[in-house]
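*Asks:* Provided herewith is a single structure, encoded as structure tokens, for subsequent inquiry.
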Amino acid sequence: MSKGIKERKKVGQLLDIEENIQKLWDSQNAFESNADDLNKPKYLVTFPYPYMNGRLHLGHTFTASKCEFAAGYQRLQGRQVLFPFGFHCTGMPIKACADKLKREMEDFGFPPNFPEDVEEEKKVEVSILDEITKDKSKGKKSKLVAKSGNAKYQWQIMQSLGLSDEEIRQFADPNHWLYYFPPHCISDLKKMGIKVDWRRSFITTDVNPYYDSFVRWQFNQLRAAKKIDFGKRYTIYSPKDGQPCMDHDRSSGEGVGPQEYTLIKLRVLDPKPAVLAKINLPIFLVAATLRPETMYGQTNCYLHPDIEYSVFYATENEDQVFVATSRSARIMAYQGLTKENGKIRFIEGLEKVLGSKIIGAALSAPLAKYEKVYALPMLTIKDDKGTGVVTSVPSDSPDDFAALSDLKKKKPLREKYGLTDDMVLPFEPVPIIEIEGLGNLAAVEMCSRLKIESQNEKDKLEEAKKEVYLKGFYDGVMQVGKYSGQKTADVKKVIQEDLIKDGLATKYVEPEKKVVSRSGDECVVALCDQWYLNYGDPSWKEEVKKVLAQTNTFNDETRRAFETTINWLHEHACSRSYGLGTKLPWDPQYLIESLSDSTIYNAYYTIAHLLQQGSLDGSVVGPAGIKAEDLNDAAWSYIFLGTPYNSKNIKISEDKLKSLRKEFLYWYPIDMRASGKDLVQNHLTYLLYNHVAIWPEDETKWPRGIRANGHLLLNNEKMSKSTGNFMTLEDAIETFSADGMRLSLADAGDGLEDANFVFSMADAAILRLFTMIEWIKEMIELRDSNSLRKDSSIFADRVFANEMNALIQATEKHYNETNYKDALKTGFFEYQAIRDSYRELCTGIDVAMSESLVFRFIETQMIILSPICPHITEYIWQLLQKPGLIVNASWPKTEQVDENLTIASKFISDAIVEFRQRLKTYLQPKKKSKETVEIPTEAIIYVAKQYPPWQQTILKILENQAKENNGQLPDNKIISGLIGKEETIKKFMKKAMPFVQMVKENYEQKGISALISTSPIDQTSILNENLDYILNSLDLDRVQIRHTDEENVDVNITETTVPLVPLMQFQPNRVSVNLVARNVDVCNGLFDVVLPIVDGDSVSMVIRKLRRASKAIKPRFEVSLWRYSNSVWGDRQTISVANPLENNVKLSENDTFSLTENGITVQNSSGTHPIGATIVYVAALP
């Protein structure tokens, strides 16, 4: 059977186990939680409800797993845990997709017959200046994974989900999405074994009358608190859809916001270029700049000779003419810069004009030193950013300086575009800003340093721009104008306002990057009349900071991201006119957008089961018996705000509302909200804003914890359907089993950096879990057959118990900190490793493992692993016939960790490794010899009670330095100087600093205990207790233990042996005589074994040799030796089947063998007895 088939067989077995366990949980309603009357501690954990335009993928599952692991762990801590799960349908995407399907059927028939040509998406370039000036709170990449692969049409996207044409047709109705995907998601999540209370699940939008009523109440509260305003705001806008385009409404460009520029108006002077000569109105080339403070240094402006520009009427009165690209003209039309909103009136015949026809135009540049500058060519200008007109400041822009230098140096280039010398040569960079380290001509300086000779040296120019812009943008100091002496960052806004007030500029805003709506429209930035949440309100910001201060963010990086977002955040449009959702209560022509109806819905979870249990859409009245139409604002305020009950304006009885309020008061606030890091910049920050707005005086309702995680990579690559590197939750479970997938998700990572789900790791997880199950079944069989040891007192037992305590405590700490990768490391990988070490130790001394410890290990392993792998652990729990469910078990109680025992354990394990290495070196000497090296059978172990004197001196120096420096050790240079002053150390100087480095590394881990000069444990006692293990591990017969302070110990040994690092020295083998050990039991598979006997061997030594020589003698067998009564003829006599030992005498363990001239003898209390050539052994179960 191939490996792949074997692995699939194991996955199949695990899936069968998981299905049966899920049925067990369902039969007992294991994850349904209600408010506890005994005031049991509670834990509410939530996950941002996923958008219902497709199946859940591993990216969703990764974040959801953080909630899932937390829920499992908190149950073990004795808390009443609630993990609810809703489904988001609000917004434009579902409606847009449904409308696309309609159009595709109209345009291409049913089933559609699409054309084959597919355009490739253009790569968007981002400038250095954009990167420096962009808002740092915004994510670097979209959270939306490409779900469509290479599909161009919505129909093809639906086909990629495995849907037939007949099924796809139904999705032209947006409501069909709401009823198709949520049940599939529930089914997939149940297969994962998620601990969700499904009674509380719901879908959003006005399809659900209960949730719709809740959201309307929320917005009435926000408006009453003056958190919502109406007016014109710059907003990403889709002209095709006729409404703002929020993040969730975009097919590309999520997270992209408006970028404000100053639109500099460079007036065209007479004589005008021929193409503009007939225009009598003032004409302006309009350049968009992020740095209005640099306008003092203009020497020219740039146009691309081959880009087409548009010439159009501007301003409300159409009394000016602008020249810019048609793309930017379209954007300006939505910002009040043309007479009619959204419409451009071009100068007749000048809709498209090549830049080459305007080059050479004389211009008046605002704030410039030069009265007249000229329009010059630049070939690197793009038409997909800004206006296509670039104002030139060569003193502070490396690009501008390089382009101007090219024109000055290359007369043919000037002649090509009809430029005269006086348009170019007189213009020199103007010092306007002083930058520390770069002077007042920063661009000139950087181009000189990097030896930039041409505007075509892109890489060098990028490096120069990064240096100049980064320093100049924030730390430059103005050298000219009325703000001379002030920082550029401080005067930027003021200079912009001055330019606008004087009519020399205006505001211009465009998307930071290209944004495409779900309807396929390239978006603009528009000034829109809209309802907006005033997140920029300073007083609201201060209140939100108070919420954040008491919220656990689980890491400092997340907290900083929140702080940055709060400081940056401004108005957010909360309404739209297209899509699905809840209508604004006071202005029903608008819908509440999807990031605004999803901020306090965690509160709705607490009561959802009482209102609408049994129906996701609220079509069934729940156990509370409350109809949706009876839930008015007064009723919601009673439930969530505790406002007094008034029967005049509340139709519902107070008793019914009390049951809802009881649930809310018990479960709220949120204990942990887990989400992807990209939601910090919007959803998660909005959650803080809305909680403090709804409960301004009640801190007990503010979120206690918000946990952000990175994105999930698959096999070190970004998830993408187009590359095939994509996996749904359903596929992952089918491929790896639920617990195999869950273990790999836990192992993928926890921080804000991107995590990595590795398929090979998931395959290995399957094998590990399957092997664990088989081993546990074997242990149950051994227990039932009384084959395990009943006591638990030997060294290996004590170490095993101690290590279990230590790892259980470490795992508890990791779970508390929601570091699940670390919890898996200590609670599974290392926990299994200590079991393996224990098994090895027991095998090494030929004893069975302790039954009580083996089953403590199994039970505790199941409990501490159960949050991550609940199915397998529940399955084992049932096999062990433990009471109840493991998901309801308690975290294991532990004893205090014995640190000295931990040291002793490491001492033995390290010593064995060192001894084995020494044995290998002994058997393979570097110097070649003709004589064969015999395998040693005897050794001396040297033990140091304390460090040699020279090392003690160093330790004392380090201890003093730690005390003098508040626990910190100085650098090696200082330590070396101190050591050099000590006469007793001078001859050890070569060894001194390596020793110091080792001690410093130990100090980092152990603190001051690393500087103690004596051993904290009795090494000799521990070695003696583990002597059998040492002998068996190294195939030795004898080991002598000596201390380095004894007489006649070699000085090299004394100086090199240190505490906790014993030295083994092998001794030459003694003379031996072979003895045949024979088994006389009938039909037992044990045969003759030849054993070398050395003078002085005890019976126990010979039995050890016998066990080593015959692997057929199992560790659980008891072995005894028997001599023949007649040493000469005994082994030649016929053996009795009935009594095979009738001619033999049993030897005791303390009997001693001797080698004499007449052969081998054995001595005991009764005398000396000849052995002859053969001895009998018995090996059998006790």
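Using N, Cα and C of the backbone, Cβ positions are placed for all residues, glycine too.
What TrEMBL lists as domain 'Aminoacyl-tRNA synthetase class Ia' is 21-101. The domain 'Methionyl/Leucyl tRNA synthetase' annotation in TrEMBL covers 676-760. According to TrEMBL, the feature domain 'Methionyl/Valyl/Leucyl/Isoleucyl-tRNA synthetase anticodon-binding' maps to 797-930. For 943-1014, the entry in TrEMBL reads domain 'Leucine--tRNA ligase RagD-binding'. According to TrEMBL, the domain 'Leucine--tRNA ligase ubiquitin-like' annotation covers 1071-1179.
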*Asks:* At a Cβ cut-off of 8 Å, and with pairs 6 or more apart in sequence only, do we get at least 3 pairs between the domain 'Aminoacyl-tRNA synthetase class Ia' (21-101) and the domain 'Methionyl/Valyl/Leucyl/Isoleucyl-tRNA synthetase anticodon-binding' (797-930), yes or no?
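*Replies:* Touching, yes - the domain 'Aminoacyl-tRNA synthetase class Ia' (21-101) and the domain 'Methionyl/Valyl/Leucyl/Isoleucyl-tRNA synthetase anticodon-binding' (797-930) meet the threshold of 3 or more Cβ pairs under 8 Å.
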*Asks:* Just give the helix, strand and coil counts over the domain 'Methionyl/Leucyl tRNA synthetase' (676-760), going by DSSP.
*Replies:* 42 helix, 17 strand, 26 coil
*Asks:* So what's the average pLDDT for the domain 'Aminoacyl-tRNA synthetase class Ia' (21-101)?
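*Replies:* It averages 94.
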*Asks:* Per DSSP, how many helix, strand and coil residues does the domain 'Leucine--tRNA ligase RagD-binding' (943-1014) have?
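*Replies:* The composition, in the requested order, is 54 helix, 3 strand, 15 coil.
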*Asks:* Tally the residues of the domain 'Aminoacyl-tRNA synthetase class Ia' (21-101) by DSSP class, grouping H, G and I as helix, E and B as strand, and everything else as coil.
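*Replies:* Breakdown, helix to coil: 35 helix, 13 strand, 33 coil.
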